[in-house]
Structures are given as structure tokens and as C-alpha cells.
Amino acid sequence: MALLAKTKGFIKPEKKEVDQKPKNVANVISNKTPPNPAGDIAKERARTDWDPKEMHEFLEGNEKKSNEVLRLYQSIERDPVLQTKAEYFDITQKEERELVALRINQMTKFIETEPYKKFRRRLQLMTVIDPSLGIRMLVNLGLFLNCIKGNGTQKQYDYWAKSKESGVVKQMYGCFGMTELGHGSNVAGCETTATFDEETDSFLIDTPHIGATKWWIGGAAHSATHTVCYARLIVKDIDYGVKTFIVPLRDSQHNLLPGIAIGDIGAKMGRQGVDNGWIQFTEVRIPRFFMLQRWCKVNKHGNVTLPPLEQLSYISLLEGRVGMATDSYRIGARFTTIALRYAVGRRQFAKPGKKEESQLIDYMLHQRRLLPYLALTYAAAVGTYRLEKEHDLLLENLDKALATNDKLLLKNTINSTKSMFVDSASLKSTLTWDAADLIDQCRQACGGHGYSSYNSFGKSFNDWVVQCTWEGDNNVLAMSAGKTIIKNVQQILNNKKLKDHTMEFLNDASTLSKAKKAVIRIKEHVDDPERVLKAIAGLISKFAVDLIPISHQTWDAIGAQRVILSKLRCHYYLLESFNDKLEQDVKAKSPTRPHLENVMRLYYVTNILGPFIGEFLRFGVISPKVASYITQQYPQELCQKVRPYVIGLTDSFQQPDNFINSLIGKYNGDIYNNYLGEVKSINNPATHKAPYSEEFEQNLKRVALDEREHFSKTAEVAKKLSQ
Amino acid sequence: MVFTTNTVSISQGPDPRSLIQKERAESKFNPQKMQYFLEGSKERAELIKQLLQQMERDPILFTDGSYYDFTKDQLRALTATKINRISRYLEGDSIDVFNRRLSLLGVFDPAVSTRIGVNLGLFISCIRGNGTYEQLKYWALDKETATIKGIYGCFGMTELAHGSNIMGLETTATFDKANDEFIINTPHIGATKWWIGGAAHSSTHCTVYARLIVDEEDYGVKTFVVPLRDSNHDLMPGVTVGDIGAKMGRDGIDNGWIQFSSVRIPRFFMLQKFCKVSRDGEVILPPLEQLSYSALLGGRVMMVLDSYRMLARMSTIALRYAIGRRQFKGDNVDPDDEEALETQLLDYPLHQKRLLPYMAAAYVVSAGALKVERTIEETLAELDDAVDEDDDAGIMKAIDAMKSLFIDSGSLKSTCTWLAAESIDQCRQACGGHGYSAYNGFGKAYNDWVVQCTWEGDNNVLGISIGKPIVKHVIAIEDDGKVVKGSSDFLNQLKDYTGSNGSKVILNNASDISDVKKIIHAIEIAIIRLSYEAGKTVRKESFDYVGAELVNITKLKAHHYLLSEYVRRVDEFDDSELKPYLYKLAQLYGATMVLDKFAGIFLTFNVASTGAITDLAKINIPQLCKEIRPNVVAYTDSFQQSDMMINAAIGKYDGDIYENYFGLVKQQNPPKDHKAPYSAALEAMLNRPSLEQRERFEKTLEAGEILSK
């Protein structure tokens, strides 16, 4: 206090003048003109010289699908249960689980009334805004039922899916009992046992030890009544490897069956709305006919018939991978929209000589950080549309071939199954990784505001990243795709060309791998997508040829290289699709065309040529003379071409506010009012003391240390005690 | 074959514990001694362990797996309780010891350390940096802030519309001569103070960054102490504070927003070490404005240290798991041996390549962190002395030191916090599905961590601002023959490696790459050539045009600093037995974190030959990984992080991965609760009547017949 008392001016004059400075009154009173991000965004929106709907049709593949997606967006944004709300970013794990259960209930209303394909599209869109809902329904409708479809007979499928109504989420709820505590990627190594008991004509399902505890099973903790259990078939002491069995977990009163122990797996990084659980089976008895026996059968005498085409049983895994690749496009669209709207509306730092600050997007570095992701999202849209179509066709042909016993069609289908395994694996792994990076980078590009939950990045990242791990760990998948690519190249070098295969472009591998001359030698070469495709093909060929000798010794040692090959394969697929679609579907005079051409170039320069420049140079596919043009100058030029149209290019994703679900990313661009307004409505400033405020205040007002020490450490006491 | 240990098993389960213990027993060096290297000295290492022991035994500060189940509200209350507890240690600790304590606490409970950090770090540092000695004494000591007593400060810098550009902040502090007061005001929504840690519930005072306006003249942004709450903890009139709500991480912190509506403070609440306003409204400006930002330096330096500990923690978890976990039978297993166990994850070359670089990075970053920490202590002390003694030459010298500290700390802060974020993510992925469980630490660590890449200098903004002077140096060397001093003096080699010497290759083959000093030299040349190329563009266009390159230059500069300092420390380390093990990590770091990551740059600018980069992938990296592999347990044990620090069920010291993990999951989620609280709704859905019935049979054929009659 002494300091205050001494200071002149401490005694306050009685009268205070009111601030007379002019203020402007709009929705609130401001003393100066507030920032106007909405104005900036509206101005740039006006630049759009194409019809966003037309662009949307390009992105979604065709007009019909575009219409369907838009109608579904509308249905979801109006649905009181399915729509998003900013306040949901505040809910706890328990509340989120309940919300998801309510949404599942709401979704069942649609599954019973709309065409199944439309429902699946609805579920796919819901997955983007509520990934927990998506996977919690998909473990039942996707994994559980696909497993039965893939491994069970048609009668078995009809029984479980239709008679027992699990296909419409009724009576029973299935989960997918594959992974164990000690085994994830190596499914063939699962240790749960299904031992045939001839006497009672049943299987005994058993968890032999802690490592075989079923783990991560989505829906097991609270929802599931049944599981498809991956277990080792043991008949007369012979281990026939891992097969699948339907095991009931809960009775019709939803109580656990005897011998079943189930627990909640608890807190996770994300997907809090999913009730993942663990399961232990202790001598659980199921009738013999609960085994799924499309390919492998056990008769009542214990005779085992093994499948002729076991690989077909894995086809059921493809759907999830294809779905995740498509998810990557939509999540990419959502987050590039948020980050780019913010980058247009936000101003920071003034350039020399300028009074007004610059829009973030006018910084070249900001363009280089975001626009490559925008371009990637466009490429992913087109590529995943193609993947979806090829997958549909494959299933159709397979069903047809099996139904009509058409051997030739079956053989061809198996061929395309092989390329679908590589394509879906490399697209799933590459794109889910890229999407994870995209969310993270877009968040960073929104600075501090990216860290607020209400702008959606945090939750989406946490919910997203498991996509890189489940249904085929990205590294494991990429390595297996890479392995097939190397084997294919070897086969081609042995003069066995690929047929009915999406990688026929490698049929020239022999020539490509021997080419002395670089494919891209001068700047002009970079403008030609066909040449760029040839360069990627050349790189894959040379790379693979280089690895073949090592692969004869060890595959493990070239794991990292196999991952790179898988990524290159993905990008070839995307670029090829993009270029084909542009040539086939977009008229020369369409106003979208010049923009799409720029976006495509930006895509391959910044997502393929740039990131893999080390490999391109090392194998002499790109000449060193153009290297810095490709990594530095050209990306900048392309960014500047795309820059003026970023609002139109993101508007073309046609995702409504409710779907975007981000306060700083709304269509009207009124960033600050949207953000502060909602933050205030969710966190009412009237409650300005914390619930625990008393303890905190007590701490600040605590008595002095001496007193709390009973004055027993004072100099006075010291004197007494030392006498 | 049923047998009973702790539980009954039908067959032999996995045994990760023995794997880890066996490798631990076979370690070739002593982790205790290694720890002395990592922490700089025996004394410092032992102090750290003593502080940690105190905290892991403390009933309130102790943290375990239950931490991962708390809600935001629970975490905030718990954080406040912990602050209360730690304030008692604070009363007995010296400032150095307490800072050390806080930094360690930050590893296992970042919300507590940050929430205290805004008060003791930012608030007080801001007063220290901008206020007079008497002002510091008054606010920090007389008012007892320094012991978290009496008042609690927050740091009112960022606004809704301004984060990185501090100079552009819009809150105003208008001098009212008549009343000898400042009027603090938020002119519009964009100037709302935003993200202010501690503002929502804790703070009584705030150092407000506001534009000083005197007689309608704008003198730029200065700092003012503004009371927010009275001694009853109620808001002051004119002050509106709100909770910023849900965040990606750091849930324990009560970040808030503040709006000031004509809030009056006495003139002497302005911090006036460098800038003063007299009673008559005369303004005296600081000799060097940037000095007032020295408040931020301490935080940046601390974040480099944090990065080291985070890298250490994450790599420990992922590597212990990688040793204990088996999956698939790899090439090291005889395919004909049916009894053979699966391969340990860490015996896959790809897995080694994915993880070992982060472990090496922890070692290398530790050295840089120590150095930059030492430098800031010395520099701030010099500056304080010079200011106290009014020694102009001393001030100028300290300012020079401060400038190079800005470069070093800025490049290190951005590069290391990015690297640590990447390590959390990559280590998580390397633990597969189990990495996604909250109980294994990654998710929370990531969510809490990543804000480090944004706050106290956005990494990209720092990247640009550090890269810029380097390119300017290069331009000046070329144009005026300038000689650069300090940590960037290697730029003086410009003419030897550009122009007609622009294609001189530094790294030609595997043997060049295994020489760390050559790698360091190669980084220098890469920086030189990249800057030279960027300089050419700058002459034609602008600095803005080369933003992406500037960020790369900054990263390379940081790697150069880290690797040089690490090698220097290893060279002078007195334990020669450990040296080869330390040196291996430098080689691996150089090969992976520098050459492999920046291969495009090294190739494009002919710093490395294509042959060298081929060897790098085929020979150097696999070979180094193979050599490091046998001692991984010892290398990670050397970080000496106890189970509480690690706080990951799959990453504990004993390596009993599955039992630890399953045990914690059951403890946190008792299996007896096998029905969800909302189970009734779920059951009602499954057992709902048929669609026809719910539609009251109105759409049946029968109804159709009736209705169409």
C-alpha cells in the first residue's frame, strides 16, 4: 500500500466524464468499424463464374447422385435428431453414447422406409458429421452382416438378416468379434477357439487366455445381442485355422448369457459415442449350425470340408475400405471449406505500404499450405467415385456368376477382385492418411481458433485417425499392396501381361524400367497429365525392378519402399480418373473446365511430383534441371491461378452449414459474430464463477505461511529451540 | 492343459514382460549414466528425480489412468485443487527449483502447468519485461502473485481478430488527462480478448496489451495491468468475461474472453520500464520496442524442453510396446517351424524406421534444449544488469544477444514442437488399435500438445520470420561481402558453394552419410543454396513469394543447431563408454530426420548425389536401425521417466502390457455395469413393434382396398 499512497494522482477526482467519442451502432455498439469477413467472402463468392451445382455433379459423378446427396443433406439438416448442434461439442462420453443411441433409433425409421441404397448413402453422409454413429451402425449393418453374407450360406444370411431382422436393426444387434487383445492385424493368428463337440453336435467357444480376449469390439459393451466370432476351428484335435461363428451374447431381455463376460473398453482418443467392448468366452456352447458355412463345413460326424476359394471370404472386407476412401473425400471437402472461408475472411498483418491488413489467403505460404489439399479433395472425389462404381460392379458380377454358376465370369471376377484388393488398399491407406493430415493442417491454418472445439477440427481429427488403423492398418495394407505391385511387375517382366486389371498401365514395365531418358525433362512436360501418368508408371516400374532382387531374400526389409509404391499407385489411380473424367464428361466450353484443369495440375504437382521428387530424381524419371521448377516455382504459379476462386471451388462441395458444423466456417462468412455468439449461448457469461470457485478463492485468500506453520519457524522460535 | 497363475489359462498366453525384461538385462550400457548426459549433469538429473518422487507420492499431484476418464468440468476442478496444492511447494522452492518442478509437472499434467504458467510465466514475465523493478516488486511480491496468493494474473494479449500480429491489436488504452487515468476499451467484437488462459474463472488481474492513445495520437501497443475481479472474486464494473468453452485439448484450463467497456485504471497501472506517460500526457518511447516481447522468449525456450520430454515419453511407450508385442511371422522366423512364435514388432525393419528416429530425436533435442535454456538465462541477466545500471553499451550488446536468441529459439520452438506432435501421432499409429485407447496416453497427449504449434508464435509465422533474416544475410554476403557472425556464420561459405560451385556435391555415398560432421556440413550447404535460390526469387518478386522455402530454411537451421550442439556435447562428454551409443543416434537422426525428410532439397540442390540418397534408404538407415535395436530398452530407460510420467498402460516399466492394460480398463469400467444407463431406449428400439403396427396398419392392402373404394 505504501507505494500507492505515495503516488501522485492516487486520490481520484469526483467527477468522471462520459466518453463522447462517436460510436457506430449496428447489431451492437462499436467505437470503430469492426472487421468484415462476411463482406470479403461475399465479394469473392461473386467471382465464381460457373454453376456450383454443375461442379457438384462433376464431383459426385453424375447429376442423379448429386441430387440424391443434396436431398439427403436437406433431410439431415431438418431432422431434429440427426442434425448437428454446436452445443454437442460440450457433451461428455456418456452423453455422446446416448445421443448416438438416439440417432440410431432415428435412422431405423429411414431404414425401414427408404430404398436401401439411399439409406446407405444417408449413413455415409451421417458418418462425416457423426463418425461414432456411422461406425456403431456399420458394425451391425456392414461388418456383421457382410461377414455373414461373405461366409454364410444364403439361407444363413436370410435367417439372421431377414427373419431375425438384424438387417433393419430390430430384435437383434450384431457386432464383429474379430480383433483380440493380442492380435489385430494378423487375423489368421487369432486364438479364440471353437472346438467341435460331436456328442452334443455343438461348438464350444472359448477364450484360452488374456491375449485372446476379444478387444475393441464396437457395440459389444452395451448394444450387441450377437457377435460373429472369429475363432480357430478345432475338430478332433486338429486346428483348421480361423473360421466364423455366430455367438449370442445377450438374451432377449438384454442380459448377458452364461459364460459371456463383457466389459466396456472405456475412454478413447475419439469415437466416444461407440460402446467398444471386450468379450471373454468361457465354454460357451453354440449349435453346430451357428457356424457360417458357405465355404467351410463341418458335418455332425466331424468331417471338415474346406473352402475351394477362401479368398472370396475376404471380399466382405472391401466394402469398408471403399467406404473409407469416399469418407476421405467428404471430410476433405468439409475441412478445406472451413479453412479456406476463414482464410478469405481473416486478415492479419498489413503488407508494406498498405493500411488494411492482408487476407490470410493472399499470403503465398498460406496458399501453399491449403490449396494442395483443395486440389487433392477434387481428385479424391473423382477417384473414389470410380472406386465405388468398380466395387459395385464387382459384387454384382460375383453374385451373378455364383447364382448362374458362370465359370468364365467367376474367373474374370476373381481377376478384378485382385486389382480391387490393391486399389482399395492403396486408396484407403493413402487417402485416410492424407485426410488426417488435411484436418490437422487445416486446423493449424486457422491458428488458435482451429483449437476451439466449436470449429470442429479437434473432434473430427480424434474421430478420424482410427481410420488409419482399423479394417487394415495403413502400413500393413500399403505393404501388401506394394508387394502385389512388385509381384505384378515381375510377372510382366516374365512376359505375363495383366488382363482385366486396373494396372494394365504397367504392362510396359519392361520398356519403362529400362528408359534412359527422363520422362519429364522440360517445363512444358509438366503441363501434360498424360506424360505425368507416364512418369508415375515409369517410377513404379523402375522402383519395383530395383526391389525385385531384394524381395527374393526378404520382403520385410523393403517395407518402407512398398508403402511408397502403394502411395504412388493410389495417385496414379486418382490422376487417371481425374483426367479421364475431365476429358469425357466436361465440355470444352464448360466454364468449369479451365478451373478443373488448374486444380488437376495443382493436384499432381503438389501431391505427386513434389512430395516424391526424391524418388523421381533418384530413378531419373524427372530431370534435375526441372526439379526446383516443380517444387518451388510452378506450385506457386498454380496456386495463384486457383487463389481467386477458392470460395467458388469450396461452395461447389455444396455442404450446408449444418453439415460443415463449424462456427468459423459458415456460408455467410460472418466469422466473428457467429463464433462469439454461439460461444456465449453455450457458455453463459452470467455464470462467471466456476462451480469450484470457493476452493480457488480460499487458496488465494489463505493465511500467511508463518501462521500456517504455527509460527514455529520464526527467528524467535529458532532462538528458543536452539538454546 | 489348464494352468493357473494369477488367473486360469487354457494355453500359454503372450508374455511381453519377459521379452522386455530379457532385453533390459542384456543392455550394454547403464541408463543411469546416460540420464546424466541427457539432463546435462548428475546434479540436475538427481534434482529432477527428487522432484518427481515428491510429486508421484503426493496424494493430490499424483496422476494415473483415471485421469483419462475425467470430464472437462471435473478436470477444471481438479486442476484448481492441484494449483492449490502446488502453491504450497512454491512457498518453499527457490524460483529455479520451482520452474523445474513446473516443467516436469507439465509432462504428466499440462493443464496444471499451463494454468499456473499464464500467471507465473506470462503475467509476471510481462511485468518483468515491461514494468519497472518497483512495479514488478509490487505486483509479484507485495501482492503475493509469485506464490499464487492474493491475486492471480492472466495474459491479455490475443484478440478474436488478432493473434499473430500483436502490433495490430485493437483494444485501446486512452489517456484521460483530467482524471490521470487510462480508459481501457474494446472498440468492437474483433478486439475482444480471446483465448485468455485463466480469464474465465481464475484471474483477478490481467496484463492487457492495448494501443496507447494520448491526445488522439496512437503510440502502438503497450501493456497495462487491469483488475478483472475484486477481492470477493466478483467481476469489476465494465469488465465482461466469458468462458471460451470446449477445446481440442487442455480441458483443465479456463480459457476465456474479455470485453472492456470504458474500464478506468490509474495511470501508474501502465507498465513503464520502456515507455512512460507523464502526468501531463507526455510519452517517452522505448529504445527498442521488441524488448517488450521478451516475455515470450521464456515460453519458447520451455517448449523446446517440453518437446524433448514429450519425444522421450512417446518413444518409450511405443518402443516398449513394439518389443513386447508380436504380430505375424516375419522373415526372421523359420516358416517351417510351426511352434515358432510371431515376430516382435520391433524386429520389422519398417517398424524400426518408423520409431527409432523419434527416440534419437529425443536425445538430440535434449542437447539443444539445454543450450538454449542456458543462453536465455545468461542473456536476460545481462539485460537486466545493463538496464539497472543504465549501461547503454551493455543494453545494445544484450539486444544483439536477444536477436540471435529470437532466431535460435524461434527456429527450435517451431521445429521441435512440430516434431513432437508428429512423434505422438506416429507413435500412436505404431501401437495400432491400442494406441487409440485413451489409457495409453496418446490421444490426450496429442490434443494437449498440438496447441504448442500455434501459441506463443505460430510455427509458420515463426518459420517465415526466422527464414527471412537468413536469406537477407545471403543477399548481403553476395552483394556487399558482408560477414555474418553468430550461429549462422556458416553462411559465409556462400561463394564456395554457389554460382559455378553450385553443383559441388557434399554427400556422395554411404560412407559420407555415416559421418555426422559431413551431414552437418551438408545441412549448411543446403541452407546456403536454398537461401541463394530464394534470394533470387526475392529480388524478382518478394519475400512473400518464398514463404514455403523460408519455412524449410528455418527447419534446416534448427536441425543444424540441434545436431551441432549434440555432437559437441557428445565429443566433450567424459564417459567414453557411452559415446559410441550416443554417436549412433546422431547418425540416425541425421540420416532420417534430415536427409530422408529433405531428400528432395538435398537432391535438387546437388548437396547429395542420387547414389547417396539410394544408399541412405538401402544401406545407412537399415544398418543404423539394426545396430541401435539391441539396446532400445536401455536407451528408453535412460529417459528415467517413471510409470506416472509415462501414464500409459501399455508403456509401463515392467512390460506386462496386457495385464496392465486389461486391469486398468476393468478398474475404470467395472464389468458389472453391463447395461448402459440408456439401455432401456436401446432395448425399446430393438424390441419395437413392426412398421405396419406402428403405422396403425393404415398402409396395408386391406386398408388400401377400403380407402380406394
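The backbone N, Cα and C atoms fix where each Cβ goes, and this holds for glycine too.
These figures come from a predicted structure and were not determined experimentally.
Per TrEMBL, the features are as follows:
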| type | residues | note |
| --- | --- | --- |
| DOMAIN | B:30-145 | domain 'Acyl-coenzyme A oxidase N-terminal' |
| DOMAIN | B:154-263 | domain 'Acyl-CoA oxidase/dehydrogenase middle' |
| BINDING | B:Thr158, B:Gly197 | FAD binding site |
| ACT_SITE | B:Glu456 | active site, proton acceptor |
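Looking only at the recorded positions B:Gly197, B:Glu456, the densest Cβ neighbourhood within 10 Å occurs at B:Gly197. Among the recorded positions B:Thr158, B:Gly197, B:Glu456, the ones with a Cβ under 8 Å from a Cβ of chain A are B:Thr158. Note: B:Thr158 (FAD binding site) has non-local neighbours B:Lys193, B:Trp194, B:Trp195, B:Ile196, i.e. same-chain residues 6+ apart with C-beta under 8 A of its own C-beta. Residue pair B:Glu456 (active site, proton acceptor) / B:Gly197 (FAD binding site) shows a Cα separation of 12 Å. Taken residue by residue, the domain 'Acyl-CoA oxidase/dehydrogenase middle' (B:154-263) breaks down under DSSP into 6 helix, 53 strand, 51 coil. When the domain 'Acyl-coenzyme A oxidase N-terminal' (B:30-145) is classified with DSSP, helix, strand and coil residues number 95 helix, 0 strand, 21 coil.
Confidence annotation: the domain 'Acyl-coenzyme A oxidase N-terminal' (B:30-145) carries a mean pLDDT of 94 in the model.
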